[in-house]
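Novice: After the structure tokens below, expect a handful of questions from me.
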Amino acid sequence: MQLNNNVTEFILLGLTQDPFWKKIVFVIFLRLYLGTLLGNLLIIISVKTSQALKNPMFFFLFYLSLSDTCLSTSITPRMIVDALLKKTTISFSECMIQVFSSHVFGCLEIFILILTAVDRYVDICKPLHYMTIISQWVCGVLMAVAWVGSCVHSLVQIFLALSLPFCGPNVINHCFCDLQPLLKQACSETYVVNLLLVSNSGAICAVSYVMLIFSYVIFLHSLRNHSAEVIKKALSTCVSHIIVVILFFGPCIFMYTCLATVFPMDKMIAVFYTVGTSFLNPVIYTLKNTEVKSAMRKLWSKKLITDDKR
């Protein structure tokens, strides 16, 4: 691909240029990132070590937590460091890596949420065939397809970014590199690229969201014929999933279906989508799922007993 770039680095303006508020941003992002790592790593370790968390639902929860951790790590550490600097610059290649990694793990999370919805439907509505339909082999294949699909999606995004000529200026009014703010730095017409962006990212977000909400409406409607115990079990796992879907897809759809129009809240929405949801997801899942909470208690009980013996 022929590149026509005079820009070797970009200047990120971040959330604020005020030194006082930059310190506040540093503290908030650092706490959110540490909380994200702690919460998701607890889920990852619990699923891997607990025999009670070996069914397909927790297999997908494991990869959802891994995806949350990687998505946050691809963006948040850089924003934490930038909050301490007077002038924040990012090289062109690092910017492209950030675009690629954020879209890989963001898209992977979308696919995992879809797989989790399918898993919940089969578990509640077809319990006798659950282990046959959602077998370990099927879970592995579905996850491999999700990874491949995420990488293909991200390669398309990188192709779109690299097809644009950047001649300057190189100041990006954003917290991190993404296609929407990058489009504004291109020194050529970006209408076609913008349409491709919307048809790629926007369509994936919007269609997946509609499918998930529609599937849960059907799923919850089918529960009326089940016993109170089955309904309680379904709601205990599905409510948390629905909350995560709404929190994740709302900002995602907003960012990638607004045709490069900048609103004052754009940066805040992007931060919530990449940082906030990764922090909230483990909190929501552990608060609403008794099996995960029980496994975590046992894990920490064993740790405390081991420490006491020493």
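Backbone N, Cα and C atoms are what each Cβ position is placed from, and that goes for glycine too.
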Novice: Sharing a topological domain in Swiss-Prot means sharing a membrane side, so do SER93 and ALA295 qualify?
Specialist: no
Novice: Could you check the disulfide-bonded residues CYS95, CYS187 and say which one's CB has the most other CB atoms within 10 Å?
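Specialist: The residue with the most neighbouring Cβ atoms within 10 Å is CYS95.
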Novice: Would you count the other CB atoms within 10 A of the CB of ASN6 (N-linked glycosylation site), including those on all shown protein chains?
Specialist: 10
Novice: How many Å lie between the Cα of CYS95 (disulfide bond) and the Cα of ASN6 (N-linked glycosylation site)?
Specialist: 15
